[in-house]
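Quick notes on the structure that follows.
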Amino acid sequence: PRLCVVGSGPAGFYTAQHILKHHGGARVDIYEKLPVPFGLVRFGVAPDHPEVKNVINAFTQTARSERCAYYGNVTVGRDVTVAELRQAYHAVVLSYGAEDNRVLGIPGENLSGVYSARAFVGWYNGLPENRDLKPDLSCETALILGHGNVALDIARILLSPLGLLRKTDITAGSLAALACSKVKRVWLVGRRGPLQVAFTIKELREMINLPGARAVLNPADFTGLENAVKDAPRPRKRLTELMIKTALEKPGEKVMEAQAAAPREWGLKFQRSPQEVLPTADGKRARGVRMALTRLEGSGDSAKAVPTGDVEELECGLVLSSIGYRSLPLDPTVPFDTERSVIPNSAGKVEGVPGLYCSGWVKRGPTGVIITTMNDSFDTAQSVLEDLQVGVLDVSSPREGFGAVESILRSRGVRPVSFSDWEKIDAAEVARGKAAGKPREKIVDPQEMLQLIGH
């Protein structure tokens, strides 16, 4: 069987890995719109979390298998259609992730100084489309809307001592901008309460222990919460206990001295829903956010935030909206649920289109960490393997695979990037990094990548 996967992030690679491991004859081609592979492992994981990127080693093993091929610099839906892929392969798996962000839908959202978390993370991680973001870091207070791990990542990058960031693969341009940053206070604001935060304990602990920054938590937000979490699942209980301890315990003398001297601070604000980004007098830039105070109806994860009628204004010159990513439809022939921004499917089989599958965020929505995506992708791969076994996928008629796609791409003037091409780019990035004392210096311009490999 000849199969192809669209997207080379964790979902794409784990799907390919599972199929190759459990079917000795299958051949899998992976298509990627960028010249470089690995998706959010390269462009989403924070630069100061290098250990999370170790999965790249396993993905590289998969890509080097003689039954796997990687074709970068190919945009499915433009350079080749899904219908054309379906003619060339016995099965097509869509694993192209979530390449857009959810919008706040409030006045002032487009003012200068307001950015999506997705664009900001893409900027410091070298995502080509965000390389010219030039965020304005000339204000003292930044406001991040959202209580997830991405929000904490951004707060940590904004407040980290430069010495820590210099040793990471953060891009040269964003490091230079952060060196001139005036931001010294970051508020993370959520619509719901401490029991509904979406970040995890590891990220919170890292933030609490960040050198040169102190946590500002309002004790009133945490009083009496011990009882509320007695019977909560263990991760939620431990996370809440850490917030309570940070908010309510008097630190020791040494810690107090360090905190008093800390030049930077961050804090969590709860039960506030953004109503409007307020403009400066000239109407061009953000100067603050007006928020509706909310009360919670219901409890636990299903609690809803309802406006009380009271409002409050928070001054800030930088607003980062971290309320989630969303997938976009790829091709008019592929069903798409615009409400939920996912491809309708059961166990990864796209509804009503035999031979078409999906995995990762475009399958289940933009939630979870790499391990969640791994399990999800194995499930989709299993659906493909079962369909091969019971004959839903007819492999008696041969398919040309990349042979057919190659002539289509050539006729459209598209030159794919191979995995060995990527390894040349990789080597160049690592060499540049070494010269600067970093693990790598990412190339942020796709044209430069293509020149480097002689395209």
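Even glycines carry a Cβ here, placed using N, Cα and C.
Residues annotated as FAD binding site in TrEMBL: Ala11, Glu32, Leu40, Val76, Trp361, Gly368, Val369, Ile370. Within the same chain, residues at least 6 positions away in sequence whose Cβ sits under 8 Å from that of Ala11 (FAD binding site) are Gly39, Ser95, Gly97, Ser359, Gly360, Trp361, Val362, Lys363, Thr373, Asp376, Ser377.
Annotation comment: TrEMBL describes His147, Gly148, Asn149, Val150, Arg191, Arg192, Glu203, Gly368 as NADP(+) binding site. Just so you know, the Cβ of His147 (NADP(+) binding site) picks up 23 other Cβ atoms within 10 Å once every protein chain is counted.
Sequence annotations record features per position, and here TrEMBL assigns domain 'FAD/NAD(P)-binding' to 2-158.
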Fewest other C-beta atoms within 10 angstroms, as judged across Glu32, Glu203, which are the binding-site residues:
Glu203
Least buried by Cβ count (within 10 Å) of the binding-site residues Gly148, Gly368:
Gly368
Return the residues near Leu40 (FAD binding site) by Cβ distance under 8 Å, restricted to its own chain and a separation of at least 6 in sequence.
Gly9, Pro10, Gly97
Quick one: among the binding-site residues Arg192, Val369, which has the most Cβ atoms sitting within 10 Å of its own Cβ?
Arg192
To see if you understand the setup: which same-chain residues, six or more apart in sequence, place their Cβ under 8 Å from that of Ile370 (FAD binding site)?
Pro10, Val41, Val52, Val55
Please give the FAD site's span as the largest CA-CA distance among Ala11, Glu32, Leu40, Val76, Trp361, Gly368, Val369, Ile370, to the nearest whole angstrom.
25
For Val150 (NADP(+) binding site): intrachain residues, at least 6 apart, with Cβ closer than 8 Å:
Ala117, Val121, Ser322
By CA distance, which of the binding-site residues (Glu32, Val76, Val369) lies nearest to Glu203 (NADP(+) binding site)?
Val369
